[in-house]
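Engineer: First, the structure itself, so that you have it in front of you.
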Amino acid sequence: MGQSQDNTQLTTASPQAEKDLSSNDNPPESEPAAPKKGARFWLVFIAIALTTFLAALDTSIISTALPTITSDLGSNSLYVWIVDSYLLASTATIPIFAQAANIYGRRSLTLIAVCLFTLGSGLCGGAHNTAMMIGGRSVQGVGGGGILTMSEIVVCDMVSVRERGMYAGIIGGVWAIASVIAPIMGGAFAQNVSWRWIFYINLPIAGVVLVALIVFLKLARPPTGTFKEQMSRIDWGGSVLLIASVTAVVLALSWGGSEHPWSSWRTLVPLILGLVGQLAFFAYQGAPWLKEPTMPLRLFGNRTSSTLFVISFVHSMLLFWVCYFLPVYFQAVKEASPARSAVMLFPIATTSAPGGVIAGIFITKTGKYRVWHFVGFALMSISCGLFTLLDDKSSIGRWVGFQLLFGFGTGFVFTSCLPPILASLPDSDVATATGAWTFLRNFGSIWGIAIPAAAFNTRVNSSLDKVSSGTVRDMLVNGGAYEHATKTFIQAFNNTPRLKAEIVQVYMDGLKLVWQVSIAFSVLGFVLAFLVKSLTLRDELNTEYGLEEKDTSKEKSSEEGNAS
């Protein structure tokens, strides 16, 4: 697969370019071996996995219950912010948590993230109006973004670079399973108990996790100065630029094709301002006076890390692309209920998780990761091509088989990206690099909904001349087709089979373009994989923030719980 055979051993002393980092053939004698994994390690890892499960649940658990929530609270057109407020808050705060983890320590930031998520869950569960719900979702989103960031950082601090693929695969599997079962849980709570339990269910689980983290998450923390010195290290300007630019982009992508046409100034102005703001953010990150930027440009200073950041963005975009538009096919073409369509996505969840673990184990055993980029994107490209064949007559075997290919492919790619990113950078950049990786994945998910939505709406608009009813054409134009992609809407035309067939054909036309465009991005990921270099993933663990050893904690480090 074009994999080089260099026996690169990385050092961690300085943020050199990749060429410099990969020049040493022998590991430094002072580099410590990875500690054995005792009961405390596994208790912390399980707690981290549970927090990831909760954060993943709340990205999509309200999707099937949203009509019930909006009806109960009288949200009307504000319903979209019940979803977008969480996504916006979590995405914008990810790099900020990553930088703060280097200043205030991993333990304190992890506990803060879980506490904010729990507080937000309580506010949402007790919400009596839309404003309180949106506020609660925003608080929950900040906590969720912190959980995603800190869980990856803490795991990276506990295991060596070579092992990170396997543990990332497990965390990724937890995420995939939670994302698929979330809509089913949301619908079940809304129909059988109360939609409020969608949020209340987080409280006891988060409480147990919080206790476990307080008791067992004892991490080393190097001295970081006084409170004033710590505050002066925060990149306030970069944080403001990042939050403002991400907010503008999310607003534009939320409005485009639904609230306002894509050609409307109300969509274009915030989109352009947001993209310009992000360029300004990266320009500011390179300012010579900025000692500790939120997202240092050195993270993108070598070919391997910069390429893998782009690959991770594309991969996340494709994952959300498929998971948001297969339900449109299931509900509008195959006439499945929302809960049933969530179940029909199980093939992706049941293969992406084991696929990630398989790739992670292979990477841990051999240190080879490039092959998984090629295999993963090859499977994703093939499956996206096969999705174009789906129609109203497709058998269960077809849509299940196509998803199995995509699921394994996405699992392979997810697990094999972060370890080589960290291998190409010094260990001092673990937190910021992991934060950048998580941010780009979240940001990619936003585009993974917006781009196919634009393609779908464009093709639907051009295909509406096939629909004989002017009333129905008005219902489906300019984003209406996505809104009406439900079993109830389609079956309302059972008494007019010709009109129903015309409507279904419009949906199939729109979805075909969605899958055709996805092929291009899948192939792009495959091509980008050729730019990734083969680096040695070291077995040693060299970090200042790992789990404290009982016999050395008093002499070499101070517990975060006792600091500041």
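Glycine residues also receive a Cβ, built from the backbone N, Cα and C atoms like all the rest.
Not measured: the values here are computed from a predicted model.
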Engineer: Could you check Swiss-Prot and say which of Asn302, Asn494 is marked as N-linked glycosylation site?
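Structural biologist: Residue annotated N-linked glycosylation site in Swiss-Prot: Asn302.
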Engineer: Six or more residues out from either end of the transmembrane segment (141-161), which same-chain residues have a Cβ under 8 Å from its Cβ atoms?
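Structural biologist: For the transmembrane segment (141-161), the nonlocal Cβ contacts are 10, 34, 41, 44-45, 48-49, 51-52, 54-55, 58-59, 85-94, 97-98, 101, 106, 109-110, 112-120, 167-168, 171, 217, 219, 418-419, 422-423, 430-431, 434-435, 437-438, 442, 537-541, 543, 545-547.
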Engineer: Just checking, which of Asn192, Asn302, Asn461 (glycosylation sites) has the fewest C-beta atoms within 10 Å of its C-beta?
Structural biologist: Asn192
Engineer: Do any residues of this chain, six or more beyond the ends of the transmembrane segment (236-256), have a C-beta under 8 angstroms from a C-beta of it, and if so which?
Structural biologist: 80, 84, 87-88, 91-93, 95-96, 262, 266-271, 273-278, 280-281, 284-285, 290, 293-295, 443, 446-447, 449-450, 453-454
Engineer: Pairs 6 or more apart in sequence, C-beta under 8 angstroms, 3 or more of them: is that satisfied by the transmembrane segment (308-328) and the transmembrane segment (436-456)?
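Structural biologist: The transmembrane segment (436-456) and the transmembrane segment (308-328): touching, yes.
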Engineer: Suppose I define contact as three or more CB-CB distances under 8 A, residues 6 or more apart in sequence; do the transmembrane segment (404-424) and the transmembrane segment (343-363) meet it?
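Structural biologist: Since 3 or more Cβ pairs under 8 Å link them, the transmembrane segment (404-424) and the transmembrane segment (343-363) do come into contact.
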Engineer: Between the stretches 108-128, 170-190, 436-456, which wins on the count of C-beta pairs under 8 angstroms to the transmembrane segment (197-217)?
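Structural biologist: Answer is 108-128, with the largest number of Cβ pairs below 8 Å.
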